[in-house]
């Protein structure tokens with residue numbers, strides 16, 4: 001079989017036959033129960049039940065821990081059976097569709113399919129080696145124990161109650177039963193993995209074919225005449241074709257989600273649970289076979305993670321192809337269509353596979369993987385996008401994805417409650433309540449002070465969650481508006497947006513560095529305490545009551561919960577900060593554009609004739625345009641106030657309160673980790689203060705541009721209009737953000753800044 005497709009189909013047929021050997025053919029075009037399938041499911045159920053009863057009858061805690069792994073493995077296998085059953089017809093259609101594409105007479109399509117099928121083979125080879133080697137370890141383990149320990153021991157104690165497992169007859173019977181169940185597991189894990197890999201590779205092939213359309217569109221657009229209606233019609237037609245192809249890709253992904261969501265969720269969560277148990281057995285119980293278990297489960301997680309990550313990366317690719325098109329050749333109608341396509345490509349609906357499938361229990365390791373993978377994607381985007389607008393949008397898309405990792409996508413064009421968001425808010429509320437209860441029952445006053453930190457942090461996170469929810473539509477509109485402004489054919493507008501977007505990047509880098517470094521300090525703190533004081537201590541005491549927090553199991557489970565809540569906090573603080581920075585930078589850009597109008601007005605006025613009615617009419621017209629622009633700016637600021645005031649108020653006041661407590665703990669209790677807390681909270685205050693101050697300063701700038709105009713050239717009517725504009729600009733209605741939001745009327749620094757800004761206005765007026 002020289003052709004890739006032939007090897008590919010042979011591989012699928014092999015899996016089909018192998019799975020049939022267990023009495024079960026998941027890929028048959030018509031699936032039905034018969035004695036083979038009934039026997040198979042009976043065996044799986046029997047393994048599940050015997051493992052459960054063995055765990056129930058175990059005498060020691062270690063024995064319970066070891067046997068509970070069997071439950072996890074059989075839960076996975078049982079669910080993968082049903083997953084394969086559900087997806088059987090779709091899988092058959094997929095294979096047919098892939099074959100049809102491969103047999104196409106179009107050489108480009110053939111090349112794409114050959115490349116992707118080769119990729120499929122390589123991935124499957126890796127996964128099958130991991131699965132098979134793990135199964136061999138489990139099957140060989142009992143015989144290794146006989147040869148080296150002179151005591152028959154099974155990896156999983158599937159003992160028949162009427163046979164003594166310590167006698168050779170009982171041991172052999174149990175070992176055979178054990179081996180059969182392990183092989184069942186291998187077959188079904190392999191069947192599941194090859195199905196999932198095929199779906200993944202087909203998704204990549206679909207995007208490869210869309211890329212060909214993008215390349216053709218880019219080539220045509222470069223050589224077209226932007227003023228020719230016929231050329232624009234062809235471009236619009238090609239864009240519509242791409243939109244249809246992307247819709248087909250989206251529906252394909254949605255179909256995957258609907259079929260694979262819950263089985264993937266249970267499979268991955270049991271894998272993570274079993275890995276945690278295996279690590280405990282390696283470190284504490286010194287059980288050597290746990291290395292084999294870790295190897296197998298990590299292989300499963302790698303497969304799920306890689307599939308979810310690879311498919312999800314296709315959205316980043318679609319966005320990138322859009323950025324690479326020659327935007328200057330398109331008209332506004334086409335640009336609007338492209339902005340909508342970018343928003344669509346930026347909405348990571350495939351995160352349902354990655355997070356409800358692979359990782360959705362919000363464990364520390366999974367969120368870290370998610371962040372790491374998306375920083376990789378963002379890094380690629382940034383390298384390939386030399387223009388600031390592209391980096392800016394990539395940064396926004398990154399934050400959008402990161403915020404989705406917690407089961408919550410605040411920047412989605414249409415926001416609604418579902419189980420992800422409900423689960424997220426439940427977690428935040430649970431963190432808040434458990435912290436409150438811990439503080440209530442704490443014995444010492446110092447302990448209560450330490451725990452009260454957590455209340456402040458969860459108040460902030462909860463308020464920021466609802467803030468993002470509230471401002472989601474405004475944020476999406478803002479990004480679209482910024483992009484349209486940047487793609488404008490006006491060079492002055494482009495230059496303004498270029499400068500302000502670069503500013504946005506710099507500010508966000510500072511803030512995200514502060515947030516991330518603080519969270520890293522809090523996550524590492526328990527390990528620092530273990531190394532230097534040999535005590536198990538958490539930064540925040542989120543104790544799970546069923547475990548002793550001073551035991552390794554209690555500490556480990558509590559630490560995971562602790563890290564999850566900290567990562568939640570980081571994600572939502574980052575998402576909030578980038579949203580707020582974007583609103584700020586756009587406000588500055590609006591004033592920069594008004595400044596250009598002022599400069600043009602001043603230049604025109606200097607050269608005009610004050611006695612000419614035509615010149616005065618032109619001046620009045622320009623002034624009215626500036627007034628409209630300032631009204632739009634005011635409305636924009638009012639919109640920010642309506643969405644952000646109370647959330648900013650809660651965030652800033654809790655930050656100030658927590659900083660005061662941190663200073664008390666540094667000066668009196670000598671608690672070193674309070675320095676990390678101070679660093680984080682000061683970073684939050686810096687961001688809030690800087691945003692409020694920067695937007696507020698725009699009113700000072702507007703007044704200054706008015707003062708710089710040649711007043712002696714204007715008549716009384718125009719001067720009255722300008723005085724009204726000065727009064728409007730001098731009234732700092734954005735103080736609602738600065739005082740109620742950013743720093744809340746309570747700190748000396750904000751009041752000083754406000755007075756300073758107002759004196760600037762007065763000083764300029766007096767000079768004029």
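Using N, Cα and C of the backbone, Cβ positions are placed for all residues, glycine too.
Fair warning: this is a prediction, and the values are worked out from it, not measured in the lab.
Among the ranges 455-480, 481-506, 507-532, 585-610, the one that TrEMBL lists as transmembrane segment is 507-532.
Residue ranges 19-38, 39-58 are listed, and TrEMBL annotates 39-58 among them as transmembrane segment. Segment annotation: TrEMBL labels transmembrane segment over residues 123-148 (candidates 97-122, 123-148).
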